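Notes follow the structure.
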Amino acid sequence: MEQKNVRNFCIIAHVDHGKSTLADRLLEYTGAISEREKREQLLDTLDVERERGITVKMQAVRMFYKAKDGNTYKLHLIDTPGHVDFSYEVSRALAACEGALLLIDASQGIEAQTVANFWKAVEQDLVIIPVINKIDLPSADVDRVKKQIEEVLGLDPEEAILASAKEGIGIEEILEAIVNRIPPPKGDPQKPLKALIFDSYYDPYRGAVAFVRIFDGEVKPGDKIMLMSTGKEYEVTEVGAQTPKMTKFDKLSAGDVGYIAASIKDVRDIRIGDTITHAKNPTKEPVPGFQPAKPMVYAGIYPAEDTTYEELRDALEKYAINDAAIVYEPESSPALGMGFRVGFLGLLHMEIVQERLEREYGVKIITTAPNVIYRVKKKFTDEVIEVRNPMDFPDNAGLIEYVEEPFVLVTIITPKEYVGPIIQLCQEKRGIQKNMTYLDPNTVYLEYEMPLSEIIVDFHDKIKSISRGFASYDYEFIGYRPSDLIKLTVLINKKPVDALSFIVHADRAQKFARRVAEKLRETIPRQLFEVHIQVAKGGKVIASERIKPLRANVTAKCYGGDVTRKKKLLENQKEGKKRMKQFGKVQLPQEAFLSVLKVE
């Protein structure tokens, strides 16, 4: 088929605005799936995606549409994740398209991720077609959304297509708009091969498979290809496209979207954003914008209950084959035994990894408090160390010249009645207000700069509970900044517990330490000897609690008689408890670790 009849597009939307349903309808309308294959969220293949109603992995589907002008067009739909953790993947998917459908829920209006993804599409020079979805809902307010499209995004509201993916309204109009408004791909099949990888997955039979958009040249089985970021070479075994099923083709040429399999053993060799070219006749320039995946949040994952360290290691290895964004290294802790320090893209990514490990690989795990990467510059040296684990943070504050932590720009869109409490929350989280505007009389747009460490614990839950679920937010990394941070260590009977170290802001240290000590007092069971809980900052104790010992009634067998007899027995007991305290070990239950994660 000629290149002028090809269209590459993606759908961008906030979580839950009906993206996957619209994709299903387009596939049905163009006959890509038969009646028999219909099911909800056809492109969301992971269990987690279906249950949470979110898209994590991307898919790229080919379909054919006979337009009103009598020509048949080849359409490639690239489905993108909507969540902030996967923003780099979204940017690569947009780079593979010429146009985008911007989907907006008629009852919710424009939300934070709508705006964030809209600007990403504008940066890539895509043609944007606004679609107002869910117009069949009783709460739909189309005029309000049109006004927002004009005022917030600066698009012509009359160009917006009214649709309901669920009822199948407006689907033909959308397909006509894709054909008429989105330009065909430019590219020269005669030039050397240049293909952008925008997703990958692991197939037990084909090895690691790359989903690509071909910009120049063509590729067929038997070709020798090279990955430009690593210089590794492979021989192509199969090329094809998803028509939702994986379908083999003889070749892929300029303008096409499809997959390349080359019996690559490790999915990590296929990096999202990398460029594939021919080994013998490579292209001069790779596709711009490649970045290796960079974890923002780290946490310790340890085996729990009857899972062994080996089982956890095998599960992580298998999982990492499919998720190139995760990094992990072994670590051990006297309190929790052997485990791993794992890096994630963000909090949602972390939850999904935990859930998939437990569900798909059957391991039971315990996760320590998530933390970000701090940069510590020591005095008298030029070296800056990256601290991924609070245990590695230097104890002696006198040796530290400065500490930096990652900051993010948070954008929040909320109904106006919740503005007060949300501003208060952002101030508690050390946020600095940068902008506040009214999108319409009832909706407010806020911008804050705040530390990532404040967001990763409970910011999402708090914002949703304050606004009864109506507010939405999005954040992007803006760089490292100096902060007044200190390390707190928990001592139990004067012995430090490594897994209970925290890095907190100096202003909060006192309050935080007190809460930790109280929580531990509630969760550590009473022993036969007194337990002292202390929270120290640089060797100085700033909060402490004690758990009284259990004791037998040693004077029960004395009937009357001399008081000195009772005194002697009590003195003996006291001596025994003292010795016990010296040599006794306190076993910390798992609840003790978990309770401290929830401390504010």
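Note that the numbers count up from 1, one per residue, in the order the chain is shown.
Including glycine, each Cβ sits where the backbone N, Cα and C put it.
DSSP assigns Gly18 (GTP binding site) to coil in the three-state reduction, outside any helix or strand. Long-range Cβ proximity for Gly18 (GTP binding site), meaning a same-chain Cβ under 8 A and a gap of 6 or more residues, is found for Leu103, Asp105, Asn133, Lys134, Ala165, Lys166. Residues annotated as GTP binding site in Swiss-Prot: Asp16, His17, Gly18, Lys19, Ser20, Thr21, Asn133, Lys134, Ile135, Asp136.
According to Swiss-Prot, the feature domain 'tr-type G' maps to 4-186.
Of the listed binding-site residues, namely Asn133, Ile135, the sparsest Cβ surroundings within 10 Å are found at Ile135. According to DSSP, Asn133 (GTP binding site) is assigned to a strand segment. Neighbour count (other Cβ atoms within 10 Å of the Cβ, all protein chains): 23 for Ser20 (GTP binding site).
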